[in-house]
Amino acid sequence: MDNRVSGTTSNGETKPVCPVMEKVEEDGTLEREQWTNKMEFVLSVAGEIIGLGNVWRFPYLCYKNGGGAFFIPYLIFLFTCGIPVFFLETALGQYTNQGGITAWRKICPIFEGIGYASQMIVSLLNVYYIVVLAWALFYLFSSFTTDLPWGSCSHEWNTENCVEFQKTNNSLNVTSENATSPVIEFWERRVLKISDGIQHLGSLRWELVLCLLLAWIICYFCIWKGVKSTGKVVYFTATFPYLMLVVLLIRGVTLPGAAQGIQFYLYPNITRLWDPQVWMDAGTQIFFSFAICLGCLTALGSYNKYHNNCYRDCVALCILNSSTSFVAGFAIFSILGFMSQEQGVPISEVAESGPGLAFIAYPRAVVMLPFSPLWACCFFFMVVLLGLDSQFVCVESLVTALVDMYPRVFRKKNRREILILIVSVVSFFIGLIMLTEGGMYVFQLFDYYAASGMCLLFVAIFESLCVAWVYGASRFYDNIEDMIGYKPWPLIKYCWLFFTPAVCLATFLFSLIKYTPLTYNKKYTYPWWGDALGWLLALSSMVCIPAWSIYKLRTLKGPLRERLRQLVCPAEDLPQKSQPELTSPATPMTSLLRLTELESNC
């Protein structure tokens, strides 16, 4: 390859142009990268937060929890928890210029455990979330055929109980207690070859292993050059799913029965608001869909320029995320309404959530459409892209945290690429257990416990307490004003102080009280050691916060008061805005806000 650089001509003279090279610090480490432009940041965050949950979880929760009435608790959680915590994490990354662990070390060392907790959650998420991509790739490849393999009962994996419901005359009672559909048999007997329990893992499903390997290879090359590659990839992965969603929406609303499905999706049932479970579902959906408490927003925000208007970006992204969930509901329930009418069954019998929607309900609907392979390809390609950018941003979050913890080790030429490769290979091999014949039971354990709403709520409580009551809400607002040039809406500050921790704590306690052991398909009950393993996965993140605080208090020398003072003071190298003296008389509220900084004189 010719590495010579052409020159420029000025007044007849040729001047050499230096090649663009990575900047190197005095200690030999590479300078920390930044986004090339704002659009790369916006699309990266959009790709992370707009994922599978918008398509397969939010619409079902609306239907299940009172239709349009569900928007009341959802919007309350959005404005008291979703936007405030989303903004807090993004602004924290931009202000400290650090990843998900060292950002917390910078502003409050005693709560560095928040960073470890979020990275533990994201590490577990990296292992199991990508398995969904492996399933989606398998379905995508299976869709390149004239007759979809889940459309009939004539394959070797089908049983004598298989009934093609979509071709059955509804007036005839051909179903039996053991009847099943070709879609379910394709999912359970062809894709998963599912065993009878977690105690029987069986052999690896090698076709899925190859799909998982392909997913990890794609993920690796999306982020291997840091934000330089990530920022370019998201132009496609974050925008193309919208095109697919619009196509599926137009097709869905033009089908017979679509209006019935949309009515079930939106018809308000106000009485459901008296059920605490509805409020818990709204809260956990906000945390799931906004990627809160995973360290991802902090990592992405850390690559912003210091004076980027992150407040405006965050509000716009939150509204975009919720709007996408709302629109996706029309696309999904118009199809479910069509299925309900075609099969002559109530919509409750075809409505699914989670993997059941993506790999059972929607494939069943696609079979009934003209040119079904085309619509199957569109849908599963959308699923792959929705999951892909969420996946590689989560990996980026973990890698950013590790690089910022050990910059002299990893912030050198090719070291980062090697680190990403190690993370990918280790996660790939751990994830293989979920591609065995009993792997679905392991996947459900990870999904139910490892990255559950309970874990995210626990971390969110300490995030708001740390920033608002230890570091100081007013101090952080001053830092934000220094970055963006003005102070955000005051309600966000009071959410950090009061509403967010209170709402998160109440929802967390309710989730503990209402806890029910995990089951699969409402039939299979996990053995006691399965639930014990699940709780270990959940506690592996939550224990990080108190454990780190105790560890730091015990290892520091000196009187307890002095140790506490050291552990609550922010790093001296953080940008600080000069504080003008207060000339107005103190009010109870201003006195309270000054107390939030613990009078540490930091």
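Glycine residues also receive a Cβ, built from the backbone N, Cα and C atoms like all the rest.
In the three-state DSSP reading, Cys153 (disulfide bond) counts as coil. Taking Cβ-Cβ distances under 8 Å and a sequence separation of 6 or more, the neighbours of Cys153 (disulfide bond) in its chain are Cys162, Val163, Glu164, Pro182, Glu185. Annotation comment: Swiss-Prot describes Cys153-Cys162 as disulfide bond, evidence class similarity to another entry.
Annotation source Swiss-Prot lists N-linked glycosylation site at Asn169 (among others), citing sequence analysis.
The N-linked glycosylation site feature in Swiss-Prot is assigned to Asn173 (among others).
Annotated N-linked glycosylation site per Swiss-Prot: Asn178 (among others), in sequence order, evidence recorded as sequence analysis.
Residues or ranges marked as N-linked glycosylation site by Swiss-Prot: Asn269 (among others). Under DSSP, Asn269 (N-linked glycosylation site) is assigned to coil, being neither helix nor strand in the three-state scheme. Here Asn269 (N-linked glycosylation site) comes close to Gly66, Gly67, Ala69: these same-chain residues lie at least six apart in sequence, with C-beta atoms under 8 angstroms from its C-beta.
Taken from Swiss-Prot, the feature phosphothreonine applies to Thr587, supported by similarity to another entry.
Per Swiss-Prot, the feature topological domain 'Cytoplasmic' maps to 1-40 (among others); the stated evidence is sequence analysis.
As annotated by Swiss-Prot, topological domain 'Extracellular' applies to 142-206, with the evidence given as sequence analysis.
Looking at the topological domain 'Cytoplasmic' (549-602) alone, the prediction's average pLDDT is 71. Taken from Swiss-Prot, the feature topological domain 'Cytoplasmic' applies to 549-602 (among others), supported by sequence analysis.
The feature transmembrane segment is assigned by Swiss-Prot to 41-61 (among others), with sequence analysis given as support.
Taken from Swiss-Prot, the feature transmembrane segment covers 68-88 (among others), and the record attributes it to sequence analysis.
With a threshold of 8 Å between CB atoms, the same-chain residues lying at least 6 positions outside the transmembrane segment (121-141) that come near it are 52, 100, 191, 207-208, 211-212, 214-216, 219, 293-296, 355, 358-359, 363, 376-377, 380-381, 383-384, 387-388, 390-391, 394-395, 397-398, 423, 427, 430-431, 434-435, 439, 443, 446-447, 450-451, 455-456, 459, 537, 540-541. The feature transmembrane segment is assigned by Swiss-Prot to 121-141 (among others), with sequence analysis given as support.
Tertiary proximity for the transmembrane segment (207-227) is limited to same-chain residues at least six positions away from its ends with a CB under 8 Å from its CB atoms, namely 33-36, 40, 44, 130-131, 133-135, 137-138, 141, 191, 233, 237, 303, 388-389, 391-392, 395-396, 399, 416-417, 420-421, 424, 427-428, 431-432, 435. If you look up Swiss-Prot, you'll see 207-227 (among others) marked as transmembrane segment, on the strength of sequence analysis.
Same-chain residues lying 6+ beyond the ends of the transmembrane segment (233-253) with a Cβ under 8 Å from its Cβ atoms: 39-40, 43-44, 46-47, 50, 55, 222-223, 262, 324, 327-328, 330-332, 334-335, 338, 369, 375, 378-379, 381-382, 385-386, 388-389, 392. Annotation source Swiss-Prot lists transmembrane segment at 233-253 (among others), citing sequence analysis.
Within its own chain, the transmembrane segment (282-302) is flanked in space by residues 41, 44-45, 48-51, 53-54, 57-58, 61, 65, 70, 73-74, 76-78, 81-82, 85-86, 89-94, 96-101, 103, 115, 117-119, 121-122, 125, 310, 318, 321-322, 325, 390, 393-394, 396-398, 400-401, 404, 453, 455-457, 459-460, 463, 503-504, 507, 511, which lie at least six positions past its ends and keep a Cβ under 8 Å from the stretch. Feature annotation from Swiss-Prot assigns transmembrane segment to 282-302 (among others); the stated evidence is sequence analysis.
Residues or ranges marked as transmembrane segment in Swiss-Prot (evidence: sequence analysis): 319-339 (among others). If you look at the transmembrane segment (319-339), the same-chain residues 6 or more away from its ends with a CB under 8 A from one of its CBs are 46, 49-50, 53-56, 58-59, 62-63, 74, 78, 242, 245, 248-249, 252-253, 255-266, 289-290, 347, 350-351, 357, 361-362, 364-365, 368.
Counted over residue pairs 6 or more apart, the CB atoms of the transmembrane segment (528-548) and the transmembrane segment (453-473) come under 8 Å in at least three pairs, which marks the two as touching. Every protein chain shown contributes to the tally, and the Cβ of Cys162 (disulfide bond) ends up with 21 other Cβ atoms within 10 Å. The list of residues near the transmembrane segment (41-61) in space but at least 6 beyond its ends in sequence, with Cβ under 8 angstroms from a Cβ of it, reads 35, 70, 90, 132, 227, 230-231, 234-235, 237-239, 241, 245, 265, 281-282, 285, 288-291, 296-297, 300-301, 303-304, 308, 313, 316-317, 320-321, 324-326, 328-329, 331-333, 351-355, 357-358, 382-383, 386-387, 389-390, 393-394.
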